[in-house]
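Student: Before we start, here is the structure in question, set down as structure tokens.
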Amino acid sequence: MRIAILSQGPELYSTKRLVEAATLRGHEVKVINPLECYMNINMRQSSIHIGGEELPPFDAVIPRIGASITFYGSAVLRQFEMMGVYALNDSVGISRSRDKLRSMQLMSRRGIGLPITGFANKPSDIPDLIDMVGGAPLVIKLLEGTQGIGVVLAETRKAAESVIEAFMGLKANIMVQEYIKEANGADIRCFVLGDKVVAAMKRQAMPGEFRSNLHRGGTASLVKLTPEERSVAIRAAKTMGLNVAGVDLLRSNHGPLVMEVNSSPGLEGIEGATAKDVAGAIIEFVEKNALKTKKPTQA
């Protein structure tokens with residue numbers, strides 16, 4: 001098959017591993033920077049171009065679209081979809097998962113466990129917002145933040161009020177969540193592929209830090225999931241409409257709680273912690289599902 005990988009970083013671990021895994025299985029792979037693409041949209045034959053040339057036909061596209069380019073990256077991916085190319089994660093699922101508030105609302109409607117979450121627009125609502133999530137300590141999150149950036153633990157009510165007021169003053173969209181103390185600065189990343197969790201790791205925050213993101217200095221280790229955790233992770237990914245997702249769970253006194261569903265989960269941490277060939281599993285999934293939709297293009 002001919003496979004396109006939408007990525008700004010051909011040198012990144014995840015991109016290189018996907019190229020390696022696809023090549024080993026006999027596929028032709030091209031890494032495409034979505035920001036270099038431009039599109040011809042018409043009723044006869046839509047197309048995608050780079051540098052004055054039209055892209056050749058592809059059988060499948062694997063999106064590795066960073067949060068900062070969600071709008072344009074999703075538009076390019078949507079163009080591939082319009083042209084009949086199988087997308088591992090489609091543009092709707094990616095856009096849905098990137099909206100943290102919408103994600104929470106959708107999962108809440110499906111009865112998926114979540115930290116109590118509050119959202120408000122007016123500073124006058126701050127006291128009620130804090131009470132709504134159980135008071136301090138609490139977590140304040142920028143809706144546009146990634147990799148632990150824009151996440152603040154407010155340990156006192158006064159600190160919470162000050163931080164929320166500051167964010168609101170900057171016209172930043174935030175949400176407020178209860179702090180799950182019993183998680184002890186750890187979360188679980190479940191790597192969902194289709195209807196299975198193919199790998200999972202526990203991420204532990206550095207001493208004195210509550211964010212467990214590996215980009216923030218957290219450490220990763222192998223973890224054994226409970227059947228409930230496995231089920232919750234798969235349901236969360238399906239709620240977003242994603243075939244591939246990194247679902248982040250907290251272990252609480254009242255069961256697993258979903259923190260976030262990531263539509264472009266990194267491979268380095270999960271493969272390093274589990275020694276599993278996650279990239280190979282992704283390519284195998286693409287093979288099975290792309291071939292169901294159309295005849296493969298000859299590489």
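Any Cβ shown, glycine's included, is placed from N, Cα and C.
Keep in mind that what you see is a predicted model, and the values were worked out from it rather than measured.
According to Swiss-Prot, the record shows the following:
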{"type": "BINDING", "residues": "LYS141, GLU178, TYR179, ASP187, ARG211, SER212, ASN213", "note": "ATP binding site"}
{"type": "BINDING", "residues": "ASP248, GLU260", "note": "Mg(2+) 1 binding site"}
{"type": "BINDING", "residues": "ASP248, GLU260", "note": "Mn(2+) 1 binding site"}
{"type": "BINDING", "residues": "GLU260, ASN262", "note": "Mn(2+) 2 binding site"}
{"type": "BINDING", "residues": "GLU260, ASN262", "note": "Mg(2+) 2 binding site"}
{"type": "DOMAIN", "residues": "104-287", "note": "domain 'ATP-grasp'"}
Student: Return the residues near LYS141 (ATP binding site) by Cβ distance under 8 Å, restricted to its own chain and a separation of at least 6 in sequence.
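Tutor: Sequence-distant Cβ neighbours: LYS100, GLY150, VAL151, VAL152, ILE174, MET175, VAL176, GLN177.
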Student: Counting only residues 6+ apart in the same chain, whose Cβ is under 8 Å from the Cβ of ASN262 (Mn(2+) 2 binding site)?
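Tutor: Set apart from ASN262 (Mn(2+) 2 binding site) by at least 6 residues yet with Cβ under 8 Å, we have SER97, ALA245, GLY246, VAL247, ASP248.
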Student: In Å, rounded, how far does the Cα of GLU260 (Mg(2+) 1 binding site) sit from the Cα of ASP187 (ATP binding site)?
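Tutor: Counting only the Cα atoms, the answer is 11 Å.
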